[in-house]
Amino acid sequence: MVTGLKNPPTDHAGLLAWVAEVAELTTPDQIVWCDGSDAEWKRLTSELVAFGTLEPVPAKPDSFLARTNPNDVARVEERTFICSTNPEDAGPTNNWTSPEYMRETMTDLYRGSMRGRTMYVIPFCMGSLEAEKPMFGVEITDSAYVVISMHIMARMGTHVLEAMGGDAEYVPALHSVGAPLEPGQSDVSWPCNDTKYISHFPETREIWSYGSGYGGNSLLGKKCYALRIGSAMGRDEGWLAEHMLILRLTSPEGKVYHITGAFPSACGKTNLAMLEPTIPGWKVETLGDDIAWLRWGEDGRLWASNPEYGLFGVAPGTDYRTNPNAMRTIEKGHTLFTNVALTEEGDVWWEGMGEPPANATDWKGNEWTPDSEGLSSHPNSRFCTPIKQCPILSDAYEDPRGVPIDAILFGGRRATTIPLVTQARDWTHGVYMGATLSSETTAAAVGQVGVVRRDPMAMLPFIGYNAGDYFDHWIGMGKSADDESKLPSVFYVNWFRRDEDGGFLWPGFGENSRVLKWVVERLEGKAEAVETPIGFNPRPEDIDVEGLDMDPNDLAASLKVDPEEWKAELPLVEEWFTKIGNRLPTQLWAELDALKSRLGVDEE
Ligand SMILES: Nc1nc2c(ncn2[C@@H]2O[C@H](COP(=O)(O)OP(=O)(O)OP(=O)(O)O)[C@@H](O)[C@H]2O)c(=O)[nH]1
Ligand SMILES: O=C([O-])CC(=O)C(=O)O
Ligand SMILES: [Mn+2]
């Protein structure tokens, strides 16, 4: 028997049986039950430094840099599967295989896949341990990098295992980098496999991941549990698992609002969540930057909580001018950087962080100077840092109930068509906005960058079931509200509209507070808007631009509702709805028809 099976730190029979079963299949050298302690962090980071997987970042306390295999740098959507019994239940937006086929295929891959390695067992909890029903998970992994990342990203360790007791339900999440070692074989600094599978079994609430050590592919509490499995749980139990930031906004009069925002990967969630307002008297506090669970509160309102414990933020573009609070968060240390550059002074650097260093080591480990041809950092390079270090973290962060939501923002990265901000007419229209959300692809997933695709509710890669059913669940959430006036108001934003020269029309970042101001003043009935074919839109004079040095033509262009551009969008929406097929709620076709008639497009 491998060490670690004897005298385990739990008497949870189901968990013990699963751990034994996985050990027998994957044949690791030893099993380590992760306790989440500082000593464990020190031991594993030291081992990884000695081994060459991590390099210390001396300029920041207790911080490290990892360089991945250049073929393992982002989520692999093509290799992500939803394995429901009926393919219809995975729907047209997911890759599908039958659960039997996937279990057989992956069992073959897992056989002996941890040979020569340590198998870590990570008990974790997404969201508060004080929740009515704590959302437990256990990740088994053969990657120590995953263990230390989970130290940051989730509540994990002995206290979670104790809270699970002998019989708590949990989501089993199995991960192997797929790189077994033969006796005497030397290891590489970033083991992974060309064959990759990120598989989900929504019916049995299981996750099986193989071949990648990166981000959302391997930190299985995040996208796999909190979004894909979570969304299927939410459908069954009457809540929503969403790809959303959560922030608290306080007006100069001291009124408090909570806003969530769903923007696709690398489209500004972390930045908006940590925003430093440029307008006087307004204050933003952070609650979450990537994932929100939305549940009904006792008051009949929708409440949002952040199930994560850390931030896994896009590094490029982050600096003191764009996101000072992210910089202050990582300055405190205890941060893992992946695929960024290391300067001669022993600090991290990436594109967009002020002046480039004269000399650095790039993300591939090569010498780099500002004259070098390639980028110093991978476009999807990341910082992984404890959310508790965020200087503007809201004191409601630990509250298991979360916060009541006043407004939901949907947003994408669109060079044309989509105005800076639009308010939906009502909940169903808001669901239509979310369901037809579109965005240019980014480096957060493997594949071509800059291609416009539909990304409904910013959840295209994360809906764990049929997208038509998911839209229906959203509409149903509105119907189940005891009073429509208690529902959040929905807005559609676009920070990324461009002028003819390709420059952004809107300055973005801290200036987005001006848009948030209009949003809450709409809720208060104070701000003006005009009704347009696409919803309620501000005129230039409705946006507070005091102190903003901006060409009025650019402001007008960023807000413009151009009927011709919107008419060009209609066939794309029709194609999208047709792709979703017969499970698309009829209300959304009706919304499209209503939009057509408001645009003066004749029905044939
Ligand atoms: N022009 C412009 N760029 C922005 C704005 N907000 C964020 N960005 C840039 O967009 C990129 C992604 O921003 P993030 O805030 O990390 O995006 P995210 O949605 O949290 O991304 P994920 O972590 O992948 O889900 C970064 O390079 C930012 O600098 C904005 O308001 N305007
Ligand atoms: O999951 C990841 O690897 C990174 C992330 O937050 C996203 O892509 O939205
Ligand atoms: Mn983010």
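A Cβ is built for glycine as well, from the same backbone N, Cα and C atoms used for every other residue.
Cross-referencing Ser113, Ser128, Ser265, Ser438 against the substrate binding annotation in TrEMBL, which names Arg75, Tyr214, Gly215, Gly216, Asn380, Ser381, Arg382, picks out Ser265. Here the region 'Disordered' (359-380) is broken down by DSSP into helix, strand and coil counts: 0 helix, 4 strand, 18 coil.
The 6 Å Cβ screen around ligand 3 retains Thr270, Asp290 from the binding-site residues His243, Ala266, Thr270, Asp290, ordered by sequence position. Looking at the residues that bind GTP per the record, Ala266, Cys267, Gly268, Lys269, Thr270, Asn271, Arg382, Arg413, Phe509, Gly510, Glu511, Asn512, the two CA atoms farthest apart are separated by 24 Å. Ranked by Cα separation from Ala266 (GTP binding site), the binding-site residues Gly216, Lys223, Asp290, Asn380, Arg382 are led by Asn380.
Between the two most distant C-alpha atoms of the annotated substrate binders (Arg75, Tyr214, Gly215, Gly216, Ser265, Asn380, Ser381, Arg382) there are 15 Å. Checking the recorded positions Cys267, Phe509, Glu511 for a CB within less than 6 Å of any atom of ligand 2 leaves no residue at all.
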